[in-house]
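Here is the structure we will look at, set down as structure tokens.
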Amino acid sequence: MNELKHLAIIMDGNGRWAKKRGFLRTNGHEVGALVVEDMCEYCINNNIEILSLYAFSTENWKRPKSEVDFLMNLLNKFLISRQEKFINNGIKFQTIGDITPFSDELKKQIKILKNLTQNNSRLKLNLAINYGGRDEITRAVKKLMQNNTEISENSIKQALDEPCDIDLLVRTGGEFRLSNFMLFQASYAEFAFTDTLWPDFNSGHLDIIVKDFKNKNRRFGGL
Ligand code: FPP
């Protein structure tokens, strides 16, 4: 049975979910944010140590300003409303990605939630915001060069926002692509793609994927 230490999810399909119901795309994001809780609970109950969720990419700034503003506002509300839950459930909140372009208010709420949950150890939740895999690798290499550290596969890995390899990478919403998500960490990940749109995705769907993952023959290039 394979150990599942690091689960990563590309949460896709919010817009289509909303459109199908005649709602605004942003309603899809709102419902999508609620699914995060179910995923955290599943990870805690199944001893998964790290959950990385792709919430906003370095490319998502290209969306209409109204949608970007909505997502920023939703993120802010998410950070504030989850404080108690994360503390009580032992979730350590982290972000991956470059948060420098965010508003001062958003940065403040990120800092507060990180500080409040820094000693928690049941689950590390990495929320990927203004995240791009290429950007993460570039920032890591720049950091090493600034510190005069030798460039090696291992030093780059350790300088990433999240150094741990992904065991299982799930993408909802029916597309078969990586969209610049955790390129370095996904090198030997198992992939699972599902047509289910993110707001419809739940722990039952995830459990089927995880059970399948556990029985996979992972060879990491060996025999
Ligand atoms: C992809 O769906 C989803 C996003 C770009 C945003 C992800 C955001 C959430 C799941 C909710 C916010 C989460 C938190 C934690 C605040 P899409 O808009 O690309 O959907 P589409 O492919 O159907 O258009």
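Each Cβ is built from the backbone N, Cα and C atoms, and glycine gets one as well.
Of the given residue ranges 57-105, 106-154, TrEMBL assigns the label coiled coil to 106-154. For the recorded positions listed here (ASP12, GLU190), the lowest count of other CB atoms within 10 A around the CB belongs to GLU190. Restricting the recorded positions ASP12, ASN60, GLU190 to those with a CA within 10 Å of the CA of ARG171 (substrate binding site) leaves ASP12, listed by sequence position. Cβ neighbour counts within 10 Å, taken over all protein chains shown, single out GLY13 as the most crowded of the binding-site residues GLY13, GLY15.
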